[in-house]
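J.: One structure, pasted below without further comment.
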Amino acid sequence: MKCSLRVWFLSMAFLLVFIMSLLFTYSHHSMATLPYLDSGTLGGTHRVKLVPGYTGQQRLVKEGLSGKSCTCSRCMGDAGTSEWFDSHFDSNISPVWTRDNMNLTPDVQRWWMMLQPQFKSHNTNEVLEKLFQIVPGENPYRFRDPQQCRRCAVVGNSGNLRGSGYGQEVDSHNFIMRMNQAPTVGFEKDVGSRTTHHFMYPESAKNLPANVSFVLVPFKALDLMWIASALSTGQIRFTYAPVKSFLRVDKEKVQIYNPAFFKYIHDRWTEHHGRYPSTGMLVLFFALHVCDEVNVYGFGADSRGNWHHYWENNRYAGEFRKTGVHDADFEAHIIDILAKASKIEVYRGN
């Protein structure tokens with residue numbers, strides 16, 4: 001009797017081990033074949049599949065995108081198309097200065113404060129705290145939807161836009177980024193009529209329509225104090241030059257260019273050629289970090305080799321290139337490499 005009972009227990013034990021082995025094999029096979037899951041609980045209606053990632057992680061990839069980061073024909077977020085680009089590009093650094101990245105590292109702080117040194121020093125964080133009570137301190141580009149194609153036009157101010165006929169094409173983009181003076185009235189056929197982002201300094205600032213984001217490019221703490229003043233009390237009227245005491249822009253659409261991002265371009269992309277990157281480069285790399293597809297208009301000389309603005313008739317207006325502040329030739333070289341890497345499309349104009 002005792003022997004029979006012992007045999008029965010051993011048989012049951014072997015059976016249990018066999019069943020557990022089958023379950024483990026089935027489970028392992030199921031994961032290896034990457035089953036599809038309903039992503040309704042993830043806020044969408046698309047089916048997704050589990051993709052092996054790092055230990056303890058599972059990444060969700062939407063079916064049908066073949067791993068692409070957007071639905072454009074070319075996507076900025078797709079790695080592997082250019083080793084040079086991938087080694088320079090850092091998606092973790094935000095082009096917008098916000099409450100979350102308010103604290104600058106000492107090396108960035110020193111570099112930024114030397115761009116336009118001031119006699120009186122200011123506590124940058126205290127200035128930002130006050131500013132973010134007036135304008136948003138959030139990053140509007142935090143989330144990227146791989147099911148969208150955000151097309152962006154970066155419109156420079158080159159005279160090569162005159163007679164180009166690019167206007168309608170420029171206006172077809174989701175984001176249209178312009179800089180400094182950049183008039184559109186009277187030039188719509190060549191430069192377009194729409195603007196979504198306008199990048200300016202205090203010394204170049206102008207009033208904007210309510211549907212346009214004013215992106216302030218600050219060179220000093222006084223620039224931050226100026227925008228807070230220009231949207232409230234109007235006390236600041238002078239930086240190193242006269243500035244508008246009041247500015248008519250949509251407060252909810254004001255964004256502040258991140259000095260850390262500014263230095264990142266200087267260090268990694270323009271590689272310290274010139275004292276600091278030009279406004280055109282600042283806007284171009286802003287677009288490269290918030291857009292899926294980037295098309296560039298109005299950069300470089302015209303077909304006769306003249307460097308002037310499209311609203312000017314003075315072909316000698318490009319004398320700024322000789323100041324040494326920016327290295328226009330090296331920046332043009334970087335733009336050419338980006339185009340060859342299929343990261344941007346450059347429209348050369350007239």
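Each residue, glycine too, has its Cβ placed from N, Cα and C.
Sequence annotations record features per position, and here Swiss-Prot assigns topological domain 'Cytoplasmic' to 1-6 based on sequence analysis. Annotated transmembrane segment per Swiss-Prot: 7-27, in sequence order. Annotation source Swiss-Prot lists topological domain 'Lumenal' at 28-350, citing sequence analysis. Residues or ranges marked as disulfide bond in Swiss-Prot: CYS70-CYS75, CYS72-CYS149, CYS152-CYS291. Taken from Swiss-Prot, the feature substrate binding site covers GLN116, ASN157, ASN180, TYR240, TYR276, GLY280, GLY300, HIS309, HIS326, and the record attributes it to similarity to another entry. As annotated by Swiss-Prot, N-linked glycosylation site applies to ASN211.
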J.: Just to verify: the residue among GLN116, ASN180, ASN211 with the fewest other Cβ atoms within 10 Å, which of the recorded positions is it?
T.: ASN211
J.: Counting only other Cβ atoms and using a 10 Å cut-off, which of the disulfide-bonded residues CYS70, CYS72, CYS152 scores lowest?
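T.: Least crowded of the disulfide-bonded residues CYS70, CYS72, CYS152, by Cβ count within 10 Å, is CYS72.
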J.: If you count, for each of the disulfide-bonded residues CYS75, CYS149, CYS291, the other Cβ atoms lying within 10 Å of its Cβ, which residue has the minimum?
T.: CYS149
J.: Looking at the disulfide-bonded residues CYS70, CYS72, CYS152, whose Cα is closest in space to that of ASN180 (substrate binding site)?
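T.: Of the disulfide-bonded residues CYS70, CYS72, CYS152, CYS152 has its Cα closest to that of ASN180 (substrate binding site).
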J.: Which of the recorded positions CYS75, GLN116, ASN211, TYR276, HIS326 has its Cα closest in space to the Cα of CYS152 (disulfide bond)?
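T.: That would be CYS75, nearest by Cα distance.
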J.: How many Å separate the two farthest-apart Cα atoms among the substrate-binding residues GLN116, ASN157, ASN180, TYR240, TYR276, GLY280, GLY300, HIS309, HIS326?
T.: 28
J.: How many whole Å apart are the CA atoms of HIS326 (substrate binding site) and CYS291 (disulfide bond)?
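T.: Computed Cα spacing between HIS326 (substrate binding site) and CYS291 (disulfide bond) is 25 Å.
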J.: If you skip the near sequence neighbours and keep only those at least six away, which residues in the chain come within under 8 angstroms of GLY300 (substrate binding site), Cβ to Cβ?
T.: GLY156, SER158, ASN160, TRP307, ALA332, ILE335, ARG348
